[in-house]
Amino acid sequence: MPLTMVKAGEPNVIRKIGGKEETRRFLENLGFVTGGIVTVVSEIGGNMIVNVKDSRVAIGKDMAIKIMVN
Amino acid sequence: MSIKIALAGNPNCGKTTLFNALTGSNQFVGNWPGVTVEKKEGKLKGHKDVIIMDLPGIYSLSPYTLEEVVARNYLIGERPDAILNIVDGTNIERNLYLSTQLMELGIPVIMAVNMMDIVEKNGDRIHIDRLSKKLGCEVVEISALKGTGIEKAAQKAITLANQKNIAIPVHKFAPEVESVLDVVEQKLGSDIVKEQKRFFAIKLLEKDDKIQSQMKLVPDISKEIEQIEKLFDDDTESIITNERYVYISSIIGECYTKGRKDSLTISDKIDRIVTNRILALPIFAVVMFIVYYVSVTTVGTWATDWANDGLFGEGWSLFGLEVPGIPILLDSALTAIGCADWLHGLILDGIVAGVGAVLGFVPQMLVLFIFLAFLEACGYMARVAFIMDRIFRKFGLSGKSFIPMLIGTGCGVPGVMASRTIENDRDRKMTIMTTTFIPCGAKLPIIALIAGALFGGAWWVAPSAYFVGIAAIICSGIILKKTKMFAGDPAPFVMELPSYHMPTVGNVLRSMWERGWSFIKKAGTIILLSTIVVWFTTFFGWVDGQFRMLEDMEIDHSILASIGSLVSWIFIPLGWGDWKSAVAAITGLVAKENVVGTFGILFGFAEVAEDGTEIWGTLAGSMTAIAAYSFLVFNLLCAPCFAAMGAIKREMNNAKWFWFAIGYQTALAYVVSMCVYQFGTLFTTGSFGILTVVALLFFLGFIYLLFFLGFIYLLFRPYKESSSLKLDTKNFARAK
């Protein structure tokens, strides 16, 4: 399911990252890699703050929807 | 021989704090050639021959952001003697990702694990000795904020640089990847030195075209790429990224012991409240209210009054001691030495009055900048960008555009400069073009003048000015987004949020000073020069065919009056076509606060108060309220002062874009002012003329651009992005 559907505080495993190549690369550099663990800290209107490899990253709704987790 | 040490690390890892601690005030700040990325260089305290180079904060050495390209070109091309790699201890796994890349460059690397105090407070442990052994480089613990361990780190870096002890990457990828890398390394030409071979081999495998263009001989490795992509069922770049993270996870377990059981850190808990969907905006509003209340009304007023009426006015008292103001001191000094009349006039009426009026804003601005620097340093500003992104996205801007606009309420120059943190090229250009619509500190006197003179000090004039500014930004966003140049969605919002922390006093003051200084500098240079020109053209002119210095009441004969009469017809449709208003608007280009002073001089007062109380009556007699409001709107929206234009030119880094920005701003100002005047006159007096029709046409055109064009656009080009302006990939993501 997309990251936008995840409840806050629940750790999830990243399965796939879609979207434009540059954005995907940037997310990889920030620690979003397939198999990594992502936890949602908070969410406003689809935009979310997530925790990845001990760092906090804010991502817009249009990007969050392209990150698949389970 | 001097030693060069490069500081490299992720954004928000404390790199700048460390750089400041290592170099003190011994810094040189500039730009990397050809790009608007800041370049900071400094000499190590107590070591004249050691140069520290502060590289931009980066997450990787990939070619996707300008900062990354700048940093890696420096590391490959200039080859510093050592790299001091700063690693955020609270976020070590992600930070090591960059470290693995730095170690492949064939340059001695020393790692400084920063924020050790916080790591210990969290109850975590980092085993430095094991980390050092696993990574194959020296590792030291530091806390840049508290200053512990930094000298040791610098000393070790110097020793390492002298030994030329090149870091040999001990980390290995999967055997399949390594064997392919070996083949690629064999194929590399002789122009690549041995210790850089691994770096180039990896970059070639990643299909990095920027690296390829830097090589003399590019070997054909398409077979190798195909082979490994088939094997891993992924593209080479992702394979390498994955291999790096796999390697890091394989060593991190031994080197890092997590002490805390609670998975939420303090920062996470604060974020739960501060970025909460219900509380986020109210909290933000309260914070902003406090910032502006303090810096504009209480402390700000006190500081501005002191500067304007004390330092550059009658005088002020220092612990009961009466200190006369600068004009009075200069006046008596100049009279004492028997200075010529014209020079006396130039210095007092020209330079001191002009430059003094500008410098009078400095204290208030510095108070505002202290607050903004604090909000930035503690980590809240990044959250503001996140909160505002939802709203800004609706009219085609990114949440990161909000910070430049916030700073722009103080002064447009640092505001425009703050747009650098926006990585997407289109978003940044649009922010640069619209930031100066927000009334800056220097536009407030114009607002006060018009409100006081024509509207009896009505409360709504000042808020309406901000409203006009915000509306101009929103409409510009919507309209510009529809042009070919700006078409396409704003780049997805991705930004790392730093942990909340208490900033040091030194860092806040330094940031305040850097921004304030850009304003003071303009007062000392461009404004100084132009006040002399304005003074000269005001007080000299032809009287009865003779060129001479004018008496106070002969201003109608001045050069300035001739220039004003020559251009004033342009402003007739806007309702203020007399030469005095035209001249005032022109001097506003020098510095907006000049508008008030110029009116003062033109109406025969040598010096007027900041809001021009003395000339309210005369001004009210010379134009209608509607015309005055049109004058206000024009001055708010048109091309900003020379200093801000300079900042726009620097940040656009392109003459065509600069003129487009200035032209757009002025055209918008003209059209909006014209509509204000013509419609205002129509409604109040019922007079209808050819100009009313023109204004109506402009207005309809504007509405068309705003709504209708968008409708057609959506009809015919659903979801299709313009291919004419491709997303500037090299400029893409930079999070700060």
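Backbone N, Cα and C define each Cβ position, glycine as well.
Copied over from TrEMBL, here are the features:
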type	residues	note
BINDING	B:9-16, B:34-38, B:54-57, B:114-117	GTP binding site
BINDING	B:Asn20, B:Ala21, B:Thr23, B:Gly24	Mg(2+) binding site
DOMAIN	B:2-163	domain 'FeoB-type G'
TRANSMEM	B:278-303	transmembrane segment
TRANSMEM	B:355-382	transmembrane segment
TRANSMEM	B:402-419	transmembrane segment
TRANSMEM	B:431-454	transmembrane segment
TRANSMEM	B:460-480	transmembrane segment
TRANSMEM	B:523-543	transmembrane segment
TRANSMEM	B:555-576	transmembrane segment
TRANSMEM	B:583-606	transmembrane segment
TRANSMEM	B:626-645	transmembrane segment
TRANSMEM	B:657-680	transmembrane segment
TRANSMEM	B:686-716	transmembrane segment
| request: Using B:Pro56 (GTP binding site) as the reference point, find which of the binding-site residues B:Asn20, B:Thr23, B:Gly24 has the shortest Cα-to-Cα distance to it. | output: B:Asn20
| All-chain count of other Cβ atoms within 10 Å of B:Val35 (GTP binding site) | 15
| request: According to DSSP, folded down to helix, strand and coil, what is B:Gly9 (GTP binding site)? | output: strand
| said: Under DSSP, is B:Gly24 (Mg(2+) binding site) part of a helix or a strand, or is it coil? | reply: coil
| task | Write out the long-range same-chain contacts of B:Thr23 (Mg(2+) binding site), meaning residues 6 or more apart in sequence whose Cβ is under 8 Å from its Cβ. | result | B:Gly42, B:Lys43, B:Leu44, B:Lys45, B:Ile52
| field | Sequence-remote partners of the transmembrane segment (B:431-454) [C-beta within less than 8 Å, at least six residues beyond its ends] | value | 358, 361, 364-365, 368, 397-398, 400-401, 404-405, 408-412, 415-416, 419, 422, 461-462, 465-466, 469-470, 472-473, 476-477, 480, 588, 591-593, 595-596, 599, 610-613, 615-617, 619-620, 623-625, 628-629, 631-632, 635-637, 640-641, 644, 648, 651-652, 660-661, 664-665
| said: At a threshold of under 8 Å on Cβ distances, which of B:355-382, B:583-606, B:626-645 pairs most often with the transmembrane segment (B:460-480)? | reply: B:626-645
| message | Let me spell it out: take the transmembrane segment (B:523-543), skip the flanking residues so only those 6+ beyond its ends count, and list any with a Cβ under 8 Å from a Cβ in it. | response | 342, 345-346, 349-351, 353-355, 358-359, 362, 549-550, 554-555, 557-563, 587, 590-591, 594, 598, 601-602, 642-643, 646
| request: Grab the same-chain neighbours of the transmembrane segment (B:278-303) for me: Cβ-Cβ under 8 Å, and only residues 6 or more beyond its ends, written as numbers and ranges. | output: 363-364, 366-368, 371-372, 375, 380, 384, 387, 409
| said: Quick check on the binding-site residues B:Gly9, B:Gly24: which one has the highest count of other Cβ atoms within 10 Å of its Cβ? | reply: B:Gly9
| request: Would you mind reading off the Cα separation of B:Gly9 (GTP binding site) from B:Gly24 (Mg(2+) binding site), to the nearest angstrom? | output: 20
| note | With the fewest other Cβ atoms within 10 Å, the residue among the binding-site residues B:Ala21, B:Met115 is B:Ala21
| message | At a 10 Å cut-off from the C-beta of B:Lys15 (GTP binding site), count the other C-beta atoms across all protein chains. | response | 26
| So, in DSSP terms, is B:Lys15 (GTP binding site) helix, strand, or coil? | helix
| task | Round to a whole number and give the Cα-to-Cα distance in Å for the pair B:Asn12 (GTP binding site) and B:Asn20 (Mg(2+) binding site). | result | 14
